[in-house]
Ligand code: GLA
Ligand code: ZN
C-alpha cells in the first residue's frame, strides 16, 4: 500500500518548486543554505525537465538530477519528484507532430510553451511511460524521495483535443459507455435536427459547427477528455507504484480556479495517494480570502476530509493576470495559515528562486531577484518558523458545520450554449452561497450530490442544474430524516445526458421542495425584482425569476414586482422530519444572509454573531488535540471568544476565554484537554 503522507517528512510541508536547471551549479549550494535558513522541509523538482533529462531519444543525462537529489537529501530537505510529462521535448514532437493537440476549429497548436498534449496519442503515452520508468528506476528508492508529482495541473492550459486520434478514442469510450450507436442516439436525443447516427464510426468530437451542437455530445466530450487525462495519470501512477513501492503519488490539482473547469476532481481525488492543490489569488475585485477559503474547503472535500497539501501558491504577485498586485505585508502568512486551518499539511510555493529568464520571470518567488535583503525573504523566513511551531496539527481534520453540493458535471452542463440566460452562472452562485456561509462563520464541506449527507444539519444546493434521479432521492431522504435543505433556482432540471427530467421542473427535486416551476423568466441586464415577506425584510433579486406553483410548500417571500409579481419567490416545505427551502431568484448578499439565517434556525445551527466580520475561526481536531485557528483579515485587533483555555502556538502564551488577535495576524490555540 502506498503511504498517504510524504515519506520521511516529519514537519509541515514548506518549500516550493525548485528549478535548479535554470541556474549554474554554483548557485545550488547557496540555495540549500538559504533553504535551511528559511526552514524549508520539502521542494518539488524536475516538473519540466524532460528535455534536459533525455536530450536525445533514449539518451539520458541524469547526472545533474543525481547531484540535486543528493544535495537536498544531505541537507535534510525532502523531495517531491516530478515526472516531466507535461513538457515533452522538441525531438519528440518532430517525430510525432500529431501528438500536438488540435482545437475544436481544427488548429493544431505549436511547440514552444508547455502542456501541448493530445492525451489520446499513443506515441505520447509510450514516451511518457518511458521517462517515468527511467525516473522510477533511478530514484524510486532514493532516501531523499518523499513523494512523486505526476505531470502538472492536468487540464491546463489544454483541456481537450479534437484530433482524429481523439475521435477514434472517443468512439471506443462511447462503445464502452453505451454499448453501441443505439445507446448514443437515445442518450443524446439525436432525433433532434436530424442528428441520428447509424454507426459509431460516424461520430466525431464536437468540432466547430454551423451553430450550437448537440448538448449531450458536448457534455460527453468533456467527460471523455477528463477520463482520458485520468487514464494517463493512472498509467504513470501505476508505474511508480510498481517501481517505487510505498512512495505516495500525487498530481497538483487546481480545485477552485474557474480557469480549470475541465477536471472532475471528485473522480481524481480517488486516484491519488495524497491530494495536493495549487491556489492563486484572483484579482477580480472580490474578497480573495473568501475565494481562498473556498478552494481549501473544496480541496479538503475532494480528499474525503483527509489532510492534503497546498503545493503551490505565491509569496507575492503572480504574472499571468492583466494586473498583478503584490501581496500586502503579512498577507502571505495569512494566506498560508488559512490553508493550514482548512486541512493543508503545510504551505508550498511556486517557486523557490525567481527566474531571470522565461515567461515567469515577473512571478514572485521565495528568493526574489533582490535576494535576501527583501521584505518577501524576511517574511518567508518568518513563515518557516511559524509553520515549524505548528507541527503538532499534522494529521488532524478540519471540522465543518454545513455541506454545499458541488458537481463538475453539472457545472459543465450548465455552461453549454442556449440556456435560459447567459447571466446565470453556476459557479457564481456557488461562490455567493459560500460567501454567505463564510460570513456567518460556518465552515463548509463540499459534497457530491450522491454522497451521504446525514452528518450535516444544513445542506445548500447553489445551482445544480444537472442532477440524477439518484441524487434527487438522496436529497429527499436527507430531508425526510430531519435535514434542512436550501436549493437555488435552476437545480434538478436535467439528467446525466442533459435531458430534461420527465414532467414539470425541477424533476429531480419537485417532491422534496413541494412545488413545480411552470416557466423560467430571466431578467434583463440591470433589471431587478423586489421580494417581500410577511415577517422578513424586503429583498432584491436580479438575473432570474420564475413562476413557482406551490404544491405543499408555503410561500415565505413573494415577488412584489416584475412579471412574476404575486408569485412565490422563496418557499419552505416541511417534508418528513426536515425542511426544504427554495429560492427562485438571484438574491443579493443581504438576501442570501436573510434566507440562510432562517434555514440555519431550522437546522438548529448556533449563531456566531459574536464573531467579528472577516475574522475566520476554524477548528482542526485529531489524535494530537484540538486546535482553533483564528485568521484576522481586518485592520484592527479582533477579540474572539474561546471554548476553554489553551496554549497559543505562535507566541507560546497561555490564553483562556478570550483571544486577542492583532490586525492582520493569525493565532492558533492548542486547547487543553
Ligand atoms: C501554475 C503552475 C506553475 C506556475 C504557476 C505560476 O500553478 O503549476 O508551474 O506556472 O502556475 O503561478
Ligand atoms: Zn487528440
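Glycine residues also receive a Cβ, built from the backbone N, Cα and C atoms like all the rest.
Note that TrEMBL annotation is computational and uncurated.
Record note: TrEMBL gives 161, 163, 166 as Zn(2+)-binding, and the candidate from 118, 234 in that site is 118.
Highlighted here are the recorded positions (152, 161, 312, 320) whose C-beta falls below 6 Å from ligand 2: 161, in sequence order.
Its own atom aside, the Cβ of residue 320 (substrate binding site) has 11 Cβ atoms within 10 angstroms in the protein chains shown. Fewest other C-beta atoms within 10 Å: among the binding-site residues 118, 161, 163, 166, that description fits 163. Ligand 1 lies under 6 Å from the Cβ of none of the binding-site residues 118, 161, 163, 166.
In this structure, the C-alpha atom of residue 163 (Zn(2+) binding site) lies 18 angstrom from that of residue 114 (substrate binding site). For the domain 'Beta-galactosidase C-terminal' (614-669), the DSSP-based tally of helix, strand and coil residues reads 0 helix, 39 strand, 17 coil.
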